[in-house]
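S.K.: First the structure, which I've put down as structure tokens, then a few questions once you've had a look.
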């Protein structure tokens, strides 16, 4: 066992020999991080990334100043997808310790689940992992149903079945009910819907390798929103919430769906498929139909839905779309409280009509005349939300995963978004 490296905090600048912009310095007692009052959490996270890069895999957070958020910021930057790391944590009060332990259990679960190879994490495995996490968080206050394969077709979950039928691993719908009072007549406060594409080849609209190599992470929306529900429960969520995970592989085979196919949904909408790589919206539609049927106050869907959102925001922000300005303000307030990055992008009534088809009511992708791809994708989803003007949030989660490490994050999943959605669910 290696001896732990002490990591301490200071509000004094580093010795001039380290340079005027030095954020950390090394001394006989260990490593000191020099906080300057400007984005201290970001400074700690970036310093932790550098410390990990030095090959230091065992540290102690020593001295004063280590609260819950600073401790978590260090771990967010220190954690990576390879190897093991050990932290001796600073002493926190009971509430702070409980919060840190919840983050370690749940947000690490989200990061590790998204990072898992697709070979190990198919649709059924993803649904079962979600059930296991929520059982741990909620105990007997939850119930669930898993529907898969041909049962989906028989029950008219045609979007999910159509996308997933081309894989040897059957598509799966997880419907989970968190009901803390146990009253079967209790109203549903919120419905959460997650895109769980466990690997996305693009189907017959095949991706290039450079765009396919990270597609094990295309279930990032499902993992993140599952983590958000679990985290809200650990923070005392006392309202009924239902979760729908739409899980499938998007593969090429003799049974895979094709361009020109028409999907007929339970709500009466018909959709022509003109791009099999725009599959996420097709599976989410089924979950949104179920969510709308519950008449909740709030519907939130999360999906790694479009490259257009990444073009606009990079991997630095989650993109928020909604017609509900008050709800957008609440979400942004939750994001600010949790120090997580969200950015609102446009969604207007005209985006709903930018999906023309010659053979169906809707096309699953906009034509070249309508290049706002993230907004038209949100417009598509709105056709499956009964009251889309109020109480609906669509999150195109661009900040879920990074193909390469940066100064603040290792390569792989970030876990961003879990705390914001949990905050929104538990806010009074």
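Sequential numbering from 1, following the chain as shown.
Glycine residues also receive a Cβ, built from the backbone N, Cα and C atoms like all the rest.
Sharing the features that Swiss-Prot gives for it:
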- 195, 200, 218, 279: Mn(2+) 2 binding site (BINDING)
- 200, 277, 279: Mn(2+) 1 binding site (BINDING)
- 207: active site (ACT_SITE)
- 281: active site (ACT_SITE)
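For the listed features, I'd like the structural context: burial, neighbours, distances.
M.R.: Non-local contacts of residue 195 (Mn(2+) 2 binding site) by the CB criterion (under 8 A, 6+ apart in sequence, same chain) comprise 218, 219, 221, 222, 246, 280, 283, 284, 301, 302, 303, 304, 305.
For residue 200 (Mn(2+) 2 binding site), the same-chain residues that are 6 or more apart in sequence and have a Cβ closer than 8 Å to its Cβ are 207, 212, 215, 218, 249, 250, 277, 279, 280.
Look at residue 207 (active site): DSSP puts it in coil. The number of other CB atoms found within 10 A of the CB of residue 207 (active site), across every protein chain shown, is 15.
Look at residue 281 (active site): DSSP puts it in a helix. Residues within less than 8 Å, Cβ to Cβ, of residue 281 (active site) and separated from it by at least 6 positions along the same chain comprise 303, 305, 364, 377, 380, 381.
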S.K.: What does DSSP call residue 195 (Mn(2+) 2 binding site) in the simple three-state scheme?
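M.R.: Its secondary structure by DSSP: strand.
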S.K.: Quick check: which same-chain residues outside 195, 200, 218, 279 lie with their CB within 8 A of the centre of the Mn(2+) 2 site CB atoms?
M.R.: 163, 197, 215, 219, 248, 250, 280, 283, 303, 304
S.K.: Report, as a single number, how many Cβ atoms besides its own are within 10 Å of the Cβ of residue 218 (Mn(2+) 2 binding site).
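M.R.: Excluding its own Cβ, the number within 10 Å is 27.
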S.K.: State which of the following binding-site residues has the fewest other Cβ atoms within 10 Å around its Cβ: 277, 279.
M.R.: 277
